[in-house]
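Read the structure below first, then the notes.
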């Protein structure tokens, strides 16, 4: 099989995921797009492993590891998203702008309620 | 392999290639729909199709163990987790017009540019490279298991620690907040978003 | 002790005295007066010893080289001939008199230690200039004198006049010193040495490449130091300093340095006929102009200052006709009687409580209050007016005789025009000199009106010094037959023609002034004028400082006074107004130098404020705007950041690939 097929497919999947990460508004959809990107990488790893006939099967082992790490990432990521959602009432990424400079825009009451909680999380 | 390469060509695709191509088109289409659809739950379901398509591609690349792991973990658990997340964040069922943020055109330009550049590089680099799929199976469960537990034992175990840490982290993140919220609700039922300054002390 | 050792000690002793005085001035006030007087006295004694040992014999030349100093070596060289030995004696004697006089004059001055040390340092520098045989070492002494003059003129720095005068003295002499330095360099470049003997030898042997240029450059420095037109304006203003300083620096020594340098380097100047003519014209303008200005001054010390300028004009005139013997002879006698006049003026200012001639002419009995000053100053004024048999007569006749000799063109290398210029202006100046000397004497000692205030007896040391200086003022003329042995050998005896002519003219000047005074003195009673400081117990220096400070407010002008009883006003007629302000030369300088400098300063300030600062402000504003623009990009939206990051890395990656594949480069 021509190597270009899996490689090009992987590239296209990766860029699709990239578009999703940049364009999607909902944090969970962004996480999905990240999964797409990870899978594109996995596809590449497997294809090259098969092509090179690696005796160590480094590509496949790494794929397995990536899958595992992705599972862990999705768990933590979802937990964070849920936390944000509970604190903010929204999981829209482009509304989480507290790091922007103009402090006057954010709702002060919202931030007052937010800050003790985040501190508490940091200390816990 | 060079002999095999000489006998191959773009204009005479083998059956595996045709299958790979078709499944790839389906996968890519599903992925595109995943990142563009305005219905959030549909997006998760299309992700299932895309991930399943990738599993089929693994099979076509003779990596059967990976394929099954893909199906088990991604299609089986990750997507379910994502669906739970969507539900818990009260994602709207049906079309939501603001599913894409304002900079989608910039995102499109960046993604298209990256795709063009990468495709060009990849095609340019692997123009005359073929994978020999006729030899011994690369990704059988036996093969994978042997290499995994012969050469990759230590990373494998380290990864289990990572998983444990992620598990604990996820539980702490969710549970703590749930406890705080429950306490808030118990202390001041009329003000669900009341002050929580004393919450950390109570937790300890 | 050899002659060399003695000669080295002469400048060294006052220098050590100055250093010790500066170091001990605060901690040991009791040593200040001995440290001021004794080294100077010893230096004067040693200078006399050097003069006696040197005699009229061949010049003594000693040199040592401390270190190689580049292409043209600089030597610590001594060159002692008759000129140097005699001038050193005058410098030493006058400096000693001034130091002793100052112990009485500035007895209560809190800054006396630094004053005395600076006078010692100044004396040392002048002796160095006189004795050295190397132009670079001479320049060192020359500049030390300049800076000492600056400090000493500004001794009463509490008064505005003294501050301005010290700055003016410094700047104007520096204006001449810069060309002087270039002249020395050009001379050394032409002859290949800084040694005066070497230079003179080279000039006599090969001549110079650019004699006129070098002579004119050197002349600028001489004009600045010796207060010759057009750089003389600092000297009358320098009278804001203490009187002993005026006597030492501005009569006997520093201003003589310029004349001395020309005398030493006369063959260099004589190599260019144009330079000699310039020197003659300069001397003529200086003589006549200063004589007219002296007639119009009201401040007694300013009269003497303009008189100094005029007498220095005589010396440069003598040099312009190539007779350095006459010039140095006049320098010696002038040093004696002018120092006496200044010291006497200090006594009179103390006794009268004012420095204004108009005020003195309205008080009677001043001569009785200060008999010592009266008698000594009378003789000194007669010497100044060149009345025989006093010193000034002989030396001035020597100058006029030399000029008369040069008119025939018999002198080699001296144009006859220079001789005529010097002779005519010299005779005219003799008239003016007699006039202002008579006016000074009449106004000071023959005043009519209220009795002069009693300021108590004058300090003994001050009167004693007057009598010490009286001796050479009266008798130095007797040395005229012996001096040619010390100098170039040319006779300095008065010739009949010029003697009769000069003395007659001087008598005419004196008599005319006397007649005018008789006419105007009747008016004096009608116009009461004058402010007098009555402070019997104050030190003389203090009353002088007060007199200087109050002159401008009372009389409206630091130089003149609106006194109709002044004979000078009638004599000068319409010229009086211009002569009183030194013929508006200061105004000319204001237009030529001060205003352009101020305009340039304003321009620089404008450029700095509006142009340079604009760049600085722009350098601050541009980053601020840039920062505002960048801050706008910082929205807090993570997706925007990520998009920009990826776009940037994409561009970089594409560029890298293009470069690597060579298609884009």
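Glycine is no exception: its Cβ is also placed from the backbone N, Cα and C atoms.
Among the ranges C:208-224, C:225-241, C:395-411, the stretch that TrEMBL annotates as transmembrane segment is C:208-224. Listed ranges C:327-352, C:535-560; the one TrEMBL annotates as transmembrane segment is C:327-352. TrEMBL tags one of the stretches C:189-207, C:303-321, C:569-587 as transmembrane segment, and that stretch is C:303-321. Segment contact is absent for the transmembrane segment (C:414-439) and the transmembrane segment (C:6-24), given fewer than three CB pairs below 8 angstroms at sequence separation of 6 or more. Beyond the ends of the transmembrane segment (C:460-483), by six or more residues, the same chain brings 82, 86, 93-94, 97-98, 100-101, 103-105, 325, 329, 332-333, 336-337, 339-340, 343-344, 346-347, 372-373, 375-377, 379-380, 383, 388-395, 398, 492-494, 540 to within a C-beta distance below 8 angstroms of the stretch. Per-residue confidence over the domain 'NADH-Ubiquinone oxidoreductase (complex I) chain 5 N-terminal' (C:68-115) averages out at a pLDDT of 84.
Residue counts for the domain 'NADH-Ubiquinone oxidoreductase (complex I) chain 5 N-terminal' (C:68-115) by DSSP state, with H, G and I taken as helix and E and B as strand, are 28 helix, 5 strand, 15 coil.
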